[in-house]
Structures are given as C-alpha cells and as structure tokens.
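Take a look at the structure below.
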Amino acid sequence: MTNIRKTHPLMKILNKTFIDLPTPSNISSWWNFGSLLGLCLTVQILTGLFLAMHYTPDTSTAFSSITHICRDVNYGWMIRHLHANGASMFFICLYIHIGRGLYYGSYLFKKTWNIGVLLLFTTMATAFMGYVLPWGQMSFWGATVITNLLSAIPYIGTTLVEWVWGGFSVDKATLTRFFALHFILPFIIVALTTVHLLFLHETGSNNPMGIPSNMDKIPFHPYHTIKDILGALLLMFVLLTLTLLAPDLLGDPDNYTPANPLNTPAHIKPEWYFLFAYAILRSIPNKLGGVLALLFSILILLFIPLLHTSKQRSMMFRPLSQLLFWLLMTDLLVLTWIGGQPVEHPYIIMGQLASILYFLLILVMMPTASFIENKILKW
C-alpha cells in the first residue's frame, strides 16, 4: 500500500515541502533561520491574537487596556512581553537570514529574493504599527514623526499625511486603522511566506559552497527537522529568558508614560531594529533626501543580484569580499548605535560617514572587489 502522505492531495504538498524535500547535505546552521522565522511568526500571531482579545483601539482606553492586560488577565504580562520581545527575536532572525543570503549568494534566486525583500517591508510596516498601539509617549511621537515623512513627497505630501492620519493629527482614527492593519498584515505575511517557499522549492536550496548539489541531496526529514528543532529550542530559550528576566531590556521607558500631544520626549527614536535606517534618515539635512535615503537603504537589496560581478556564487572562497562583508555588518552595528544617540556632535558626522560607507560598500566596493578577485584567479 502506498503511504498516505504521498497520495493524499494535502499531505502530498506537505510531504514535498517538509519531509521528502531533497536538501543539500552540507547546509550549515545559517540555514536554520528560515524555519526560526516561521516559528517567530507563529508565536507572534498566537500571542497577538490573545492580546487583541483584551485590547481596545481607542485613544482614551488603549494605554489602560495594556495595563489591564498586564495586571488582571491571567498571564497577560507574559503574553504581552512575549509579543514585544518576540518582535525583537523576529528581526534578529530576519537580519541574520538576509546576511546569510548576502554572504552565500542566495540572492541569485531572484524570485525568492524579491519576495523576501517584500516580506521584509511588510514585517517592518507591521512592527511599526504594533509599536503605536500601546499609546505611550514613544508610540504617539514615533507615529507622528514617521508618518510625517510622507509630507516630504512633492505636491501630494500633505494630503497624503492627512489621509493616513484620518484627520489633522495622529488621533483616534489613526490608532483604529493602525490596529486593523496590524491585525491583518501578519496573515498577508503568511501568504507571502508560502509564495517565498514555493519559489525556493522551484530551484532548491543554495549551499555554503555556492555550487550545484544535485548529486548530493538528503531528505529534509529526519536530518534537517532535528536540526531545526534544536534551533527552535535555542530560540525559545533566549525568548523566554528575555521575557521572564529582562522584559523591558529592549523597550523604551518613555512608553510607560501615556501619550501626551503637548509634551515632546527629549529623544524620539523607534525600536532598536529600525535604528540603522533611522540613523541614515537623520544623517541627511534635507527632508526629502533623508526619506529617499531611508527608502533606498532597504530597496538597495533589490539591486544586489544586479551588482553581482563575481564568477563565484558564494563568498566562502573570496577573502576580499569577506572582509568587505564584515565591514558592512560592523557599519550596520555602528548605524544602529548612532540611531539611538542624540542629534549632536560627534554623532552627526559619525552617522553621515557610516551612511556614506553603507552605500559605498554595497554599490561600489563589493562589486569592485569581486571583479578584482576574478582577475586574480585569471577568470
């Protein structure tokens, strides 16, 4: 008798995706982060669902509804902090996943890569809107500052901002629509993830050496399922440790003060995972220029397949490119640190230099290094 998992219409799809999927035998732990992102998304949707059962998207009661969740709901404090810190874990996994794609040349699967960039944008939008919901000081002012960037768009800017706000300032209408969008977007992310996997399984996974591995494939289960379970346990350990021992470590103390339109916080800054982009935005004195730089700092990922000049796919055997890659990672860490600092000397000039270096590395230095490596290898 044929196994049901190979004949049943639904089981057959799952079987081809997670059980009998031919996988390269040499993929390292850097390939674990895709499944970890799936786990993060599941945790976020489940905790978010329970939070939505008790939350009220109204300016007069939003802040107190969060207090009610933390004080009166059974394990509400835990659900709330799992959701907040789960977002941080999500972005850590996301950035490592993108970094691995850059290092090993996975971006040459163009369809998969482009859907991935779209997923990044959607996740960033979801996280931003989620940060507004507690209606604390940083929620309100973060929403005001970031949505106000749309006013830099010539001619239609002001109209667009008022359309997004649903009025003449960030108010009840803004909070209600942000809650609606924050609720629906994760399900759109699930749909996009399915498409992401669909495109990936058209080509099969890349591997650390960046060479075809068709002659050396192993089934996904049990070899990679057990490996993914270990990764999942480690991720949950870190998330639970963070949630139970230092729940507010990555948050902003200002968000424990209810939103007050008459009192501006000393330093308006987004969550830590947006600080690198925020630093790039702030480093340009012109408003429109800053917005374009902010947008391009993420959109640049779409151009990476076009900037690939090396004859080798992976950076595994390219020391010059490796050096520039780690310089880029360091630069992003510097930008993240700068984004959290006040706008004063020496942070302004450091942010400007780090921003210039970021674009230079991706657009000029890395393609040039690849070209030089080709010449050295007489290719």
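Placed from the backbone N, Cα and C atoms, the Cβ positions cover glycine too.
Pulled from Swiss-Prot, these are the features on record:
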- 33-53: transmembrane segment (TRANSMEM)
- 77-98: transmembrane segment (TRANSMEM)
- H83, H182: heme b b562 binding site (BINDING)
- H97, H196: heme b b566 binding site (BINDING)
- 113-133: transmembrane segment (TRANSMEM)
- 178-198: transmembrane segment (TRANSMEM)
- H201: ubiquinone binding site (BINDING)
- 226-246: transmembrane segment (TRANSMEM)
- 288-308: transmembrane segment (TRANSMEM)
- 320-340: transmembrane segment (TRANSMEM)
- 347-367: transmembrane segment (TRANSMEM)
Could you tell me which of these binding-site residues, H182, H196, H201, has the fewest other Cβ atoms within 10 Å of its Cβ? H201
Compare 33-53, 113-133, 178-198, 226-246 by their Cβ pairs under 8 Å to the transmembrane segment (77-98) and return the stretch that comes out on top. 33-53
Using a Cβ distance cut-off of under 8 Å, indicate which of 178-198, 226-246, 347-367 has the most pairs with the transmembrane segment (288-308). 347-367
Which residues, given as numbers and ranges, are at least 6 beyond the ends of the transmembrane segment (226-246) yet have a Cβ under 8 Å from it? 29, 32-33, 35-36, 39-40, 43, 78, 81-82, 85-86, 88-89, 93
Helix, strand or coil by DSSP: which one applies to H182 (heme b b562 binding site)? helix
Rounded to the nearest angstrom, how far is the Cα of H83 (heme b b562 binding site) from the Cα of H196 (heme b b566 binding site)? 24
Six or more residues beyond either end and a Cβ under 8 Å away: which residues meet both conditions relative to the transmembrane segment (178-198)? 17, 37-38, 41, 44-45, 48, 52, 55, 57, 112, 115-116, 118-119, 122-123, 125-126, 129-130, 132-133, 143
Looking only at the binding-site residues H83, H97, H182, H201 (ubiquinone binding site) has its closest CA neighbour at H97
Same chain, 6+ residues apart, C-beta under 8 Å of the C-beta of H83 (heme b b562 binding site), given in sequence order: Q44, T47, G48, L51
If one takes Cβ-Cβ under 8 Å and requires six or more residues beyond its ends, the residues near the transmembrane segment (347-367) are 279-280, 282-284, 293, 296-297, 300, 303-304, 307-309, 321, 324-325, 327-328, 331-332, 334-335, 338-339, 341
Cβ-Cβ neighbours of H97 (heme b b566 binding site) (radius 10 Å): 20
Pop the Cα-Cα gap between H97 (heme b b566 binding site) and H182 (heme b b562 binding site) into the table, whole Å please. 23
Should H97 (heme b b566 binding site) be counted as helix, strand, or coil on the basis of DSSP? helix
